[in-house]
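Look at Swiss-Prot and you will find Ser9 tagged as substrate binding site, backed by similarity to another entry. Look at Swiss-Prot and you will find Asp111, Ala143, Glu148, Lys181, Arg208, Pro209, Leu210, Val211 tagged as ATP binding site, backed by similarity to another entry.
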Amino acid sequence: MKNILAIQSHVVFGHAGNSAAEFPMRRLGANVWPLNTVQFSNHTQYGKWTGCVMPPSHLTEIVQGIADIGQLAHCDAVLSGYLGSAEQGEHILGIVRQVKAANPQAKYFCDPVMGHPEKGCIVAPGVAEFHVRYALPASDIIAPNLIELEILSKHSVNNVNDAVQAARELIAQGPEIVLVKHLARAGYSSERFEMLLVTAQEAWHISRPLVDFGSRQPVGATASYPAT
């Protein structure tokens, strides 16, 4: 059984971040070590919420506790998702280095949560810059949506060919795999939910019917991808 250290958000009402990812990852056969970057009452798409952003040092202290009992060498992957602050990102990269020192085969899966194709960049100041400058080159796998792909590549992405080219530009900076988790307007059809997985040599495209969920779209599905 693979052990995944999942460092991302948590909501009490509903499901997002770790509260969305933990169950499906366990069902896929992974052992999840959830470490929350924020504890919110609900997802921010509701427009109002309560809760707190965890101090960056809290993340490091928790992981050090795992190291102190000799378990960090058994960590097979680190997943990072929603960040409450750019400072958290710096500590997460330190955790990635610590895990890889204990287990050189461990992978870093970065879900660079920054925005939404219809809403733009919606994260705390400095988070987008952190992902572009530091998380991208440190990651083994990175999973942007369309707007995040544009932010990371610094190019407009208008179609699938553009997306493949932008993904390959990211690969040249560090990651082995780029998973575009939602092509949105750059996909082949506005009636499909389309995804793209790109390596230096190959690219795979997959789609499914686009289901209309109304004003609040489901969130958190991509948070479980490291288990696959």
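Every residue gets a Cβ built from N, Cα and C, even glycine.
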Exercise. Determine, from DSSP, whether Val211 (ATP binding site) sits in helix, strand or coil.
Key: coil
Self-check item: Nonlocal residues around Ser9 (substrate binding site), in sequence order (Cβ under 8 Å, 6 or more apart)
Solution: Ala16, Gly17, Asn18, Asn36, Thr37, Val38, Phe40, Gly81, Tyr82, Gly84
Exercise. Can you tell which of Lys181, Arg208 has the least company, meaning the fewest other C-beta atoms within 10 angstroms of its C-beta, among these binding-site residues?
Key: Arg208
Quiz item: If you measure every Cα to Cα pair among Asp111, Ala143, Glu148, Lys181, Arg208, Pro209, Leu210, Val211, the residues listed for ATP, what is the largest value in Å?
Solution: 23
Exercise. For Asp111 (ATP binding site), list the number of other Cβ atoms lying within 10 Å of its Cβ atom.
Key: 28
Quiz item: Counting every protein chain present, what is the number of Cβ atoms, excluding its own, within 10 Å of the Cβ of Val211 (ATP binding site)?
Solution: 8
Exercise. Return one of helix, strand or coil for Glu148 (ATP binding site), based on DSSP.
Key: helix
Quiz item: Out of Ala143, Leu210, which of the binding-site residues is least crowded by other Cβ atoms within 10 Å?
Solution: Leu210
